[in-house]
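Chemist: Per TrEMBL, domain 'FeoB-type G' is recorded for B:12-178. Residues or ranges marked as GTP binding site by TrEMBL: B:19-26, B:44-48, B:65-68, B:129-132. As annotated by TrEMBL, Mg(2+) binding site applies to B:Asn30, B:Thr33, B:Gly34. Annotated transmembrane segment per TrEMBL: B:285-306, B:341-365, B:385-408, B:463-483, B:517-536, B:658-677, B:689-709, in sequence order.
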Amino acid sequence: MPKGEFRPMTADSLPLNKSGKIVEILSSPLKINLLELGFLPGIQISLRYQAPSGGPMAFLMEETLLALRKSEAALIRVELI
Amino acid sequence: MSEATLSNKTLTTRIALLGNPNVGKSTIFNYLTGLNQKIGNYPGVTVDKKSGSVQINGETFEILDLPGTYSLFPNSEDEIIAHRVLNQTKLEAKPDYVLMVIDSSQLSRGLFLATQLMDLGVNLALILNMADLAEKRNIEIKTFELFKSIGVPILSTDARNQKGLEEVKNLISQRNFRKAPGFIDIQQVIPSEMLNQVLEKFELENHYQAYQMIRFGSKDKAIPASDRAWLENLIQTSNFDLEEAQLEETKIRYRKITELVTKALFKKSGSKPSSNLDQVFLHPVFGYVIFVAILLLIFQTIFSWAAYPMDFIDGLFANISASIGTMLPDGPLTRLLAEGLIPGIGGVVIFIPQIAILFGFLAILEDTGYMSRVVFLMDRWMRPFGLHGKSIVPLVSGVACAIPGVMAARNISNWKEKMITILVTPLMSCSARLPVYIILIGLTVPDEVVLGFINLQALALLSLYLLGIFGVLGTALLLKFILKTTEKSFLLSELPPYRIPRWSDVGITMFEKSKTFVFEAGKVILAISIILWVLASYGPPSRMDQIRIEGQARLESVTDETQITEIEAEITAQLLENSYIGIMGRAIEPLIKPLGYDWKIGIALITSFAAREVFIATMATIYSIGGDLENDLTIREKLDQQINSNTGEKTFNRASSFSLMVFYVFAMQCMSTLAIVKRETKSWKWPLIQTAYMTILAYVMALITYQIFS
């Protein structure tokens, strides 16, 4: 992929052990909850664990492991690094 | 109230302890207050008010432990409390000072809440806890730099390893708190005019308080309806997007925090790798295997460990009853004491071992960080039923005993998910149902092996447990569509690093939970057991007296030892049959006839509302089996001989026994659970609804069972 281009994707489709940089948090009643936890544009997250059958996902953000439901991760737009 | 106590009350300095979840706040609270903790109520919510007192240099301070929260934006009942205590001067006595605990390795997240507190204008001090973890991650905080920027006192501690805690006491005793200058200017996001209006109306101190009132006041039921309407009207007429403002506030705040943290935080390179335990514990297959193994271990321990203290308590109270019965002169008061009150207290105390052990394990799982992994693994399987990943703990605890299960539901922050969990947990087959199951299975299911290895009795027992689980899931699913809430369900939680449990915290949890049960639920349990005792011991005097006189005459006519015992047992049975409970048992006979029961079982159904295992004791009394209750065989043989006077068949034939077992799977039949549900939901409404639905469910299922097998 040429430099400067990225595929727009949300964190729930991030491949395991891959990192993404947060572009924006999509509008939802949960947006504020994500922001107050520190899911802010520019922050880097990586998918570390995935519960089976569409269960929750665990992202590493800076030093902390955070568990999110798939539907919650789908609110985080990221660009794959 | 006398003048002395009044002035005392105003003199005690109140300090609120606040922080994000998992920052070691409770360790600090436990360190300060030890066992001087008490549980109270906040009006209108089910969250407990946890406070304690600490003596420093001869002066008493009251510490209020607020539920963990990431912000002052209330998303759940827990967070509403923090919001309310810090904002409202009229409803809750506002604390004099706020001590906020921050995880040193998560500075930005902690500062988010801290700077909100600064904006509120509270007297604040910060504790940068978990210094060890920060060090491990090669994070160095320039405390002085931070202090210069925010202007509130800062302490660094490592509460787990008891480091820096003396300084916390000194800080409190010297009242080293500061009202910091505001961190952000909320007028950037909300029109000043609107803020000023609210500021004047509610006599608030600053713009951020006004903003909090505008944003959340109209939804807080603790605020008078007229004031809420006024706020609602203000918001509507201003036509201002408050949610957008809140997002804007969050962005501005985090931007400033990031600037601050860049200055105050130094991150050395080469941070040590974090543990890889999650590769196993969160594994899609092994993760579940380990979880089941841990559960089995816990149950094994509860059943084998709890049995000893429970037997001891049982024996102790039986002895006390017996000695009171012989020591005091016979009379209604002695009997009330020996047969009503003492066994009633015993009935409360008997649960302590199970509650303490289960909460000991839960505290260990919580403290090591494993519990949040369980929630991670189970959330997906709980959600379709309107439950949360956190519901797994109450449900699984319910297999031992519903009481600690219901108490554990407190950790679920979403109201609806918490209510569903509390309402369905007693459907899990608890250990008190086991004796009833075993007697009835032994009576009707042949001890045979089919298909080479399946024991029919074991299969029957397994079916009863599975029936309970289906009951849980089905009812939860139904409640999912009935209960309504505006709160949104979310997981969004931290998976904290694995740590060694702090044993003193585990001990305090065990003590506090047992204490809560005894003192909060104990009152109700005691009251119900006395009522049941009175109903079972008294009847219409003419009938009761006649039985006693006739019995006395019969006793005098015989001399043989065994005959005397037999006649005495028969008299006891007759007295119970003619007591008020006996009369009630007869009265409900038409109702329970379709289930295959006679009035004798009816009596046992009523008495065993105290606790399920009472069923067997009542049966023994009614069929005048007498003394040796321990011997299952005697009671089983006796029951097997009973003939139902309505049908002429055996009372305990296959159909009626199956029906009875199914009834016990679903029926509430436990006043202790009732009492604890009342305590946890803070109202009589939910325990009554729960008893009603479970009884109806039990009735219908038992009816179906009887019709199928007869």
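Glycine residues also receive a Cβ, built from the backbone N, Cα and C atoms like all the rest.
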Chemist: Using Cβ distances below 8 Å and needing 3 or more such pairs, separated by at least 6 in sequence, tell me whether the transmembrane segment (B:517-536) contacts the transmembrane segment (B:285-306).
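Modeler: Result for the transmembrane segment (B:517-536) with the transmembrane segment (B:285-306) is no.
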Chemist: What stretch, picked from B:285-306, B:341-365, B:385-408, B:463-483, B:689-709, has the most CB pairs under 8 A with the transmembrane segment (B:658-677)?
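Modeler: So the stretch in question is B:689-709.
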Chemist: Whose Cβ, among the binding-site residues B:Val45, B:Met130, has more other Cβ atoms within 10 Å than any of the rest?
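Modeler: The most densely surrounded of these binding-site residues is B:Met130.
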Chemist: How many other Cβ atoms are found within 10 Å of the Cβ atom of B:Gly34 (Mg(2+) binding site), counting all protein chains shown?
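Modeler: Step by step: centre on the Cβ of B:Gly34 (Mg(2+) binding site), count other Cβ atoms within 10 Å, giving 13.
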Chemist: Please indicate, using numbers and ranges, the residues of the same chain that are 6 or more beyond the transmembrane segment (B:341-365) and have a C-beta under 8 Å from a C-beta there.
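Modeler: Beyond its ends, the transmembrane segment (B:341-365) has Cβ neighbours at 294, 298, 301-302, 305-306, 309-310, 313-314, 316-318, 320-321, 324, 371, 374, 393, 397, 400-401, 403-404, 407-408, 431, 501, 505-507, 509-511, 513-514, 517-518, 521-522, 525-526, 529-530, 533, 610-611, 672.
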Chemist: Would you report the average pLDDT that the model assigns to the domain 'FeoB-type G' (B:12-178)?
Modeler: 88
Chemist: Who are the long-range neighbours of the transmembrane segment (B:689-709) in its own chain, taking Cβ under 8 Å and residues 6 or more past its ends?
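Modeler: 422-423, 426-427, 471, 475, 594-596, 654-656, 658-660, 662-668, 674, 677.
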Chemist: Are there residues at least six beyond either end of the transmembrane segment (B:285-306) with Cβ under 8 Å to its Cβ atoms? List them, or say none.
Modeler: 353-354, 357-358, 361, 365, 370, 373-374, 377-378, 396, 399-400, 431
Chemist: Rounded to the nearest Å, what's the C-alpha distance separating B:Gly34 (Mg(2+) binding site) and B:Lys25 (GTP binding site)? Just drop the number here, would you?
Modeler: 13
Chemist: Other than B:Asn30, B:Thr33, B:Gly34, which residues of the chain come within 8 Å of the Mg(2+) site, judged by Cβ distance to the Cβ centroid of those residues?
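Modeler: Apart from the listed residues, the neighbours are B:Phe29, B:Tyr31, B:Leu32, B:Leu35, B:Asn36, B:Gln37, B:Gly52, B:Val54, B:Ile508.
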Chemist: State the non-local partners of the transmembrane segment (B:463-483) in its own chain: residues 6+ outside its ends, Cβ under 8 Å from one of its Cβ atoms.
Modeler: 384-387, 395, 399, 416, 419-421, 423-425, 427-429, 433, 437, 661-662, 665-666, 693, 697
Chemist: Within 10 Å of the Cβ of B:Asn22 (GTP binding site), how many other Cβ atoms can be counted across all chains shown?
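Modeler: Within a 10 Å radius of the Cβ of B:Asn22 (GTP binding site) lie 20 other Cβ atoms.
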